[in-house]
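According to Swiss-Prot, the features are:
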type     : residues                                                            : note
SIGNAL   : 1-20                                                                : signal peptide
MOTIF    : 26-33                                                               : motif 'TonB box'
DOMAIN   : 38-152                                                              : domain 'TBDR plug'
BINDING  : LEU83, SER85, ASN92, VAL110, SER111, ALA251, THR309, ARG517, TYR551 : cyanocob(III)alamin binding site
DOMAIN   : 155-614                                                             : domain 'TBDR beta-barrel'
TRANSMEM : 184-195                                                             : transmembrane segment
BINDING  : ASP199, GLN211, ASP213, ASP215, ASP250                              : Ca(2+) 1 binding site
BINDING  : ASP213, ASP215, TYR249, ASP250, ASP261                              : Ca(2+) 2 binding site
TRANSMEM : 232-248                                                             : transmembrane segment
TRANSMEM : 263-277                                                             : transmembrane segment
TRANSMEM : 309-325                                                             : transmembrane segment
TRANSMEM : 328-337                                                             : transmembrane segment
TRANSMEM : 371-381                                                             : transmembrane segment
TRANSMEM : 385-400                                                             : transmembrane segment
TRANSMEM : 403-417                                                             : transmembrane segment
TRANSMEM : 473-490                                                             : transmembrane segment
TRANSMEM : 517-529                                                             : transmembrane segment
TRANSMEM : 558-572                                                             : transmembrane segment
TRANSMEM : 585-596                                                             : transmembrane segment
MOTIF    : 597-614                                                             : motif 'TonB C-terminal box'
Amino acid sequence: MIKKASLLTACSVTAFSAWAQDTSPDTLVVTANRFEQPRSTVLAPTTVVTRQDIDRWQSTSVNDVLRRLPGVDITQNGGSGQLSSIFIRGTNASHVLVLIDGVRLNLAGVSGSADLSQFPIALVQRVEYIRGPRSAVYGSDAIGGVVNIITTRDHPGTEISAGWGSNSYQNYDVSTQQQLGDKTRVTLLGDYAHTHGYDVVAYGNTGTQAQPDNDGFLSKTLYGALEHNFTDAWSGFVRGYGYDNRTNYDAYYSPGLPLVDTRKLYSQSWDAGLRYNGELIKSQLITSYSHSKDYNYDPHYGRYDSSATLDEMKQYTVQWANNIIIGHGNIGAGVDWQKQSTAPGTAYVEDGYDQRNTGIYLTGLQQVGDFTFEGAGRSDDNSQFGRHGTWQTSAGWEFIEGYRFIASYGTSYKAPNLGQLYGSYGNPNLNPEKSKQWEGAFEGLTAGVNWRISGYRNDVSDLIDYDDHTLKYYNEGKARIKGVEATANFDTGPLTHTVSYDYVDARNAITDTPLLRRAKQQVKYQLDWQLYDFDWGITYQYLGTRYDKDYSSYPYQTVKMGGVSLWDLAVAYPVTSHLTVRGKIANLFDKDYETVYGYQTAGREYTLXGSYTF
């Protein structure tokens, strides 16, 4: 049956728990409703990526991990470290909520969307990815979906790894997790990654001067976590991480002015939590602080020159989550408080501003016979636009053993970001962007194939756009998104297959024109097998036709970008029980394509890596 585990035993740890692990026969997830539950009881489409998956794929960036997942469309202005956007099910990049250990990613505060090209892949131990509306649980941004990156390791030991590759890529990483007595464990990590890169922009997008240089990326990361069990029921943790990145990119050149083409990002985050894990009642309190400084400057003049820009953001968060088991399900409730502050002189916001938000929410999940019911409601009180409410509901019916029909409806919203509100062209009277979504799905297990097929519609109103005439942001846009998503995974002998298909018709509801940079169709296929102790993997991705703007001349022209098929080949060999060597060829057939018009992709790339564990 689909219901492989009782909800009474499933809800054993509170949401955002760093101890969550994959278990057999059903993976446990914590992101869907802020409490741990079997993935089969989550009615929204959910995907889990483990560190073992990331190592098997030999991914060198978070974007390379996410591009493999259903409903995800990644665009990037070139290679490693270059500006990137995540589109989920055709929604805007700002309509994706990115969490780090359950806490909102700070870097999205000023610009409004998460650029995961800057987040170190070394920190990622697990990814939980939920499609569809989730504002009734998490508040702003969760229109297209939620990506929760979990950083804490789930196994003890020490690992030393090194890798090299095309474009002078090199990576060195050391991590360890040690038990201090029976009740305490500590985790430490250090990582260094660097690539010389390549020239990402074709002449024409950079103004009157070509910039035939390598656009490289450098990242240095430190991480530490301390976890302690006070009793069988009470536990706590403290963790922190920081990274220092430098990115070289191609910028638009204006004669006589400095060429701002270097980005320097400093980011640090600290959080602490206390958990109570009783038999029927669970509770967790988390406090978090994060601080980022994002400089863009001309390296000839330095990042403190008047030509440089700085985006500086501080974020303070307090979360109190609770869960109680009732009947064949549970009820959850909690409070979120968040303050985002910009420093005076921030590029988007000249003066210093604070934005505060307090949200209260209630969630529920109950099984009644062959039916599963899920609901959530939330009210947010924002210091800028006042109170806003969202809700969602879902129902699942297992009409035949192993087969289920799911129907859901939800509302969600996106709050204006600080740049849109208070920047040089800001409008403090902006309202939130609003969404209404419907979805119907069938899923089941047929002849060893786990499959799901769903259709959805998303109507987004009050979209925030920029007016070239008034030089202000305003609420006027509307979007209409219709889509079909199909996923399946199965084994044939020694071969493991994972496949997905996405059809997305994302349009401006006023002009009936396609939304930019979204592929209308995508096919993704992962094939894994073992032969003579070698672990092999083939990744295939088809990106369909999409549209973009050519910004090299005015007026801007809409351009059509053709589809492309991409193949990756990866292999790993365990030399000993401690030493593993890995190799990968990305873009095996050296396809020439772009995800953002005018910005070149890397072509064929090679990587070779080794890891030693003890």
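The backbone N, Cα and C atoms fix where each Cβ goes, and this holds for glycine too.
Each of the binding-site residues ASP199, ASP261 was scored by the number of other CB atoms within 10 Å of its CB, and the largest score is that of ASP261. Over the domain 'TBDR plug' (38-152), the average per-residue pLDDT in this prediction is 94. Listed by sequence, the residues of this chain that lie at least six past the ends of the transmembrane segment (371-381) yet keep a Cβ under 8 A from its Cβ atoms are 3, 33, 41, 43, 135-140, 329, 357-365, 387-398. Of all the binding-site residues listed (TYR249, TYR551), TYR249 sits in the most crowded Cβ setting, with the most other Cβ atoms within 10 Å.
When secondary structure is read from DSSP and collapsed to three states, ASP215 (Ca(2+) 1 binding site) falls in the strand class. Each of the binding-site residues ASN92, THR309 was scored by the number of other CB atoms within 10 Å of its CB, and the largest score is that of ASN92. Reported as a whole number, the C-alpha separation between ASP213 (Ca(2+) 1 binding site) and LEU83 (cyanocob(III)alamin binding site) equals 17 Å. Between ASN92 (cyanocob(III)alamin binding site) and ASP250 (Ca(2+) 1 binding site), the C-alpha separation comes to 24 Å.
Beyond the transmembrane segment (517-529), the same-chain residues lying 6 or more positions past its ends with a Cβ under 8 Å from any Cβ of the stretch are 56, 68-70, 73, 75, 85, 87, 90, 494-506, 535-548, 563, 595-596. Listed in sequence order, the binding-site residues from LEU83, TYR249, ASP261, THR309, TYR551 having a Cα within 10 Å of the Cα of ASP199 (Ca(2+) 1 binding site) are TYR249. Nearest in space to TYR551 (cyanocob(III)alamin binding site), taking C-alpha to C-alpha distance over the binding-site residues GLN211, TYR249, ASP250, is ASP250.
On the backbone, the CA of ASP261 (Ca(2+) 2 binding site) and the CA of ASP215 (Ca(2+) 1 binding site) stand 9 Å apart. For the motif 'TonB box' (26-33), the number of residues in each DSSP class (helix H, G, I; strand E, B; coil) is 0 helix, 2 strand, 6 coil. Counting in whole angstrom, LEU83 (cyanocob(III)alamin binding site) lies 11 from ASP250 (Ca(2+) 1 binding site) by their C-alpha atoms.
Comparing Cβ neighbour counts within 10 Å across the binding-site residues ASP213, ASP215, ASP250, the minimum falls on ASP213. The separation of THR309 (cyanocob(III)alamin binding site) from ASP250 (Ca(2+) 1 binding site), Cα to Cα, is 16 Å. For the Ca(2+) 2 site, the Cβ centre of ASP213, ASP215, TYR249, ASP250, ASP261 serves as reference, and the other residues of the chain with Cβ at most 8 Å from it are ASP199, VAL200, VAL201, GLN211, ASN248, ALA251, THR262.
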